[in-house]
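Chemist: This is the structure, below, for whatever I ask next.
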Amino acid sequence: MFSIRIATVVLAASAALRPPARITNTETPVNQCGSGSIQCCESVQSASAAQAAGILGPLDILTNLQGLVGSHCSPLAAVGVSGTSCSSQTVCCKDVSKSGLVNLGCSPINLNL
């Protein structure tokens, strides 16, 4: 009976002395955007969509693009700062063209994590 109590105490002590497990976050922070910039776009659609072709054609931008195209975008420079928000689609875009009128190579991101 006494040996069971000692074994229990030893197990409890060894568990208490064990270092905590290290957790590594492999996700890219939401306020960072790989090789592009965080934008708030009124509209985001596939580059092959008719709506995107209608925007890209008159601006002399190649229409054989792939991926997502954001239109009427504005930069979100200070993500996480009070008052910074996007009521439309938040995206990470690699190429900002025509002063944000059209952004190419966009990927949707979630700032509400």
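Just so it is clear, glycine is given a Cβ too, placed from its N, Cα and C backbone atoms.
Pulled these from Swiss-Prot:
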type: SIGNAL; residues: 1-23; note: signal peptide
type: DISULFID; residues: C33-C92; note: disulfide bond
type: DISULFID; residues: C40-C86; note: disulfide bond
type: DISULFID; residues: C41-C73; note: disulfide bond
type: DISULFID; residues: C93-C106; note: disulfide bond
Chemist: Between the disulfide-bonded residues C40, C93, where is the Cβ count within 10 Å the lowest?
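Modeler: Among the disulfide-bonded residues C40, C93, the sparsest Cβ neighbourhood within 10 Å belongs to C40.
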Chemist: Specify the nearest of the disulfide-bonded residues C33, C73, C92, C93, C106 to C40 (disulfide bond), where nearness means the distance between Cα atoms.
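Modeler: Considering only the listed disulfide-bonded residues, the nearest one is C73.
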Chemist: So which one is it: of the disulfide-bonded residues C33, C41, C106, which has the fewest other Cβ atoms within 10 Å?
Modeler: C33
Chemist: Rounded to a whole number, how many Å is the Cα of C41 (disulfide bond) away from the Cα of C86 (disulfide bond)?
Modeler: 8
Chemist: Look at each of the disulfide-bonded residues, C73, C86, C92, and point out the one with the fewest other Cβ atoms around it within 10 Å.
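Modeler: Output over disulfide-bonded residues C73, C86, C92: least Cβ neighbours within 10 Å is C86.
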